[in-house]
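Visitor: For 1-18, 27-43, 114-124, 144-156, the entry in Swiss-Prot reads compositional bias 'Basic and acidic residues'. If you look up Swiss-Prot, you'll see 1-80, 114-182 marked as region 'Disordered'. Here Swiss-Prot flags 51-143 as region 'Required for RNA-binding', drawing on similarity to another entry. If you look up Swiss-Prot, you'll see 99-157 marked as coiled coil. Residues or ranges marked as compositional bias 'Basic residues' by Swiss-Prot: 125-143. The annotation region 'Required for nuclear localization' is assigned in Swiss-Prot to 126-138. Taken from Swiss-Prot, the feature compositional bias 'Acidic residues' applies to 164-173.
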Amino acid sequence: MAVENKDARPGKALKKESQPLIIAKTPAEEQRLKLERLMRNPDKAAPIPEKPKEWNPRAPPEFVRDVMGSSAGAGSGEFHVYRHLRRREYQRQDFLERLSEKQKLDEEYKEKLIENQKAAEDRTAKRRKKREKLKQKKLMAKKAKMESQKEEDSEKSSSSSASEGEEKDDDAEVPSFIMGKR
């Protein structure tokens with residue numbers, strides 16, 4: 001189904017219906033409006049901003065022809081050049097110090113992670129060993145119980161065979177009463 005132009009001119013592009021201007025008063029409302037706009041057309045790719053580049057100072061010049069000092073007279077252009085070079089060098093040194101401090105903290109963090117992981121593995125191994133020891137103890141107790149039961153059964157069977165001979169003698173006797181009758 002084709003959308004009709006209001007002007008009915010073939011070369012004229014369609015205008016979108018104007019939406020009321022909504023001004024967000026709070027950050028939450030602003031975020032809600034952005035989400036609503038994104039969800040109107042879910043097939044369209046959402047703009048994801050890339051991480052901004054980290055600031056790097058300009059590399060120091062490899063060769064400086066005429067080195068100027070701070071003794072340049074006030075009002076001369078040389079003093080301003082010296083001052084800017086000095087400021088840039090201080091910035092570079094501060095950046096390198098911060099970078100080395102960050103690397104040092106990262107290394108300490110990684111070492112601490114490894115140390116904590118090793119301690120956790122040691123605790124786990126110790127507990128595992130304790131569990132295995134308890135399990136072995138239970139198995140040994142169970143085996144000992146089974147063996148003692150077997151010994152008792154064998155003693156009963158040997159005593160029952162001896163008592164069977166006695167029972168045969170008892171069987172010869174006639175019972176004086178009959179069970180189950182009143």
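Cβ coordinates come from backbone N, Cα and C, glycine included.
Provide an account of the burial state, proximal residues and distances for the features listed.
Guide: Using DSSP to sort the residues of the compositional bias 'Basic and acidic residues' (27-43) gives these counts of helix, strand and coil: 14 helix, 0 strand, 3 coil.
Model confidence over the region 'Required for RNA-binding' (51-143) stands at 88, taken as the mean pLDDT rounded to a whole number.
Counting only same-chain residues 6+ beyond the ends of the compositional bias 'Basic residues' (125-143), none has a CB under 8 A from a CB of the stretch.
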Visitor: Looking only at the region 'Required for RNA-binding' (51-143), how are its residues distributed among DSSP helix, strand and coil?
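Guide: When I sort the residues of the region 'Required for RNA-binding' (51-143) into the three classes, I find 67 helix, 0 strand, 26 coil.
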